[in-house]
Amino acid sequence: MQFDVTIEIPKGQRNKYEVDHETGRVRLDRYLYTPMAYPTDYGFIEDTLGDDGDPLDALVLLPQPVFPGVLVAARPVGMFRMVDEHGGDDKVLCVPAGDPRWDHVQDIGDVPAFELDAIKHFFVHYKDLEPGKFVKAADWVDRAEAEAEVQRSVERFKAGTH
């Protein structure tokens, strides 16, 4: 499975950018309240609809951060199942598609445990200081479950429902 991910937030940023789906422009949504930075490039999978009514979120492991609005051809290796104040907010973990430097990463177990722990720590705590926001459940699942969620999100998008 391969798809395009639109990057909204480069790795290392505290600014939370979002693509305005009506205008196509990148908007500064907010600054993170916690003194933390995004641990990967972060965006969404084109032509999907997640459980939260937004396109399905994606995290892309890249050797160097890219800019907001850049499309990255990616493939899933796992998914971070997360529940926040709005409900399900899953994040598909991806690597660049067609890049031989990532051939050894095929499933979640191929990603170093420390990297997974760092990403999990960020998403469990990045909303800690924001009034009314929280994360209550979060864990990693494998590539098969990630691919199934991507497929469900594509079907929701095509049906226009969530």
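Glycine is no exception: its Cβ is also placed from the backbone N, Cα and C atoms.
The active site, proton acceptor annotation in Swiss-Prot covers Asp89 and rests on a curator's inference. Taking a C-beta cut-off of under 8 Å and a sequence gap of six or more, Asp89 (active site, proton acceptor) has these contacts in its own chain: Gly50, Asp51, Asp52, Asp57, Met82, Val83. The secondary structure of Asp89 (active site, proton acceptor), as reduced to three states from DSSP, is coil rather than helix or strand.
All protein chains shown were included, and the count of other CB atoms within 10 Å of the CB of Asp57 (Mg(2+) 2 binding site) stands at 23. In the three-state DSSP classification, Asp57 (Mg(2+) 2 binding site) falls within a strand. Residues or ranges marked as Mg(2+) 2 binding site in Swiss-Prot: Glu8, Asp57.
Counting only same-chain residues at least 6 apart in sequence, those with a Cβ under 8 Å from the Cβ of Tyr42 (substrate binding site) are Ile7, Glu8, Ile9, Lys11, Asp57, Ala58, Leu59, Val60, Lys91. Secondary structure at Tyr42 (substrate binding site), as computed by DSSP, is strand. According to Swiss-Prot, the feature substrate binding site maps to Lys16, Arg30, Tyr42, Tyr126.
The Mg(2+) 1 binding site annotation in Swiss-Prot covers Asp52, Asp57, Asp89. The Cβ neighbour count for Asp52 (Mg(2+) 1 binding site), using a 10 Å radius and every protein chain shown, is 15.
Positions annotated as Mg(2+) 3 binding site by Swiss-Prot: Asp84, Asp89.
Cβ proximity to the substrate site centre (mean Cβ of Lys16, Arg30, Tyr42, Tyr126, cutoff 8 Å) flags the following additional same-chain residues: Ile9, Gln13, Arg14, Asn15, Asp29, Leu32, Tyr38. Taking only the Cα positions, the spacing between Tyr126 (substrate binding site) and Asp84 (Mg(2+) 3 binding site) is 11 angstrom.
The binding-site residues listed here are Lys16, Arg30; among them, Lys16 has the most other Cβ atoms within 10 Å of its own Cβ. Listed binding-site residues: Glu8, Asp84; maximum Cβ neighbour count within 10 Å falls on Glu8. Tyr126 (substrate binding site) counts 20 other C-beta atoms within 10 Å of its own C-beta, drawing on all protein chains shown.
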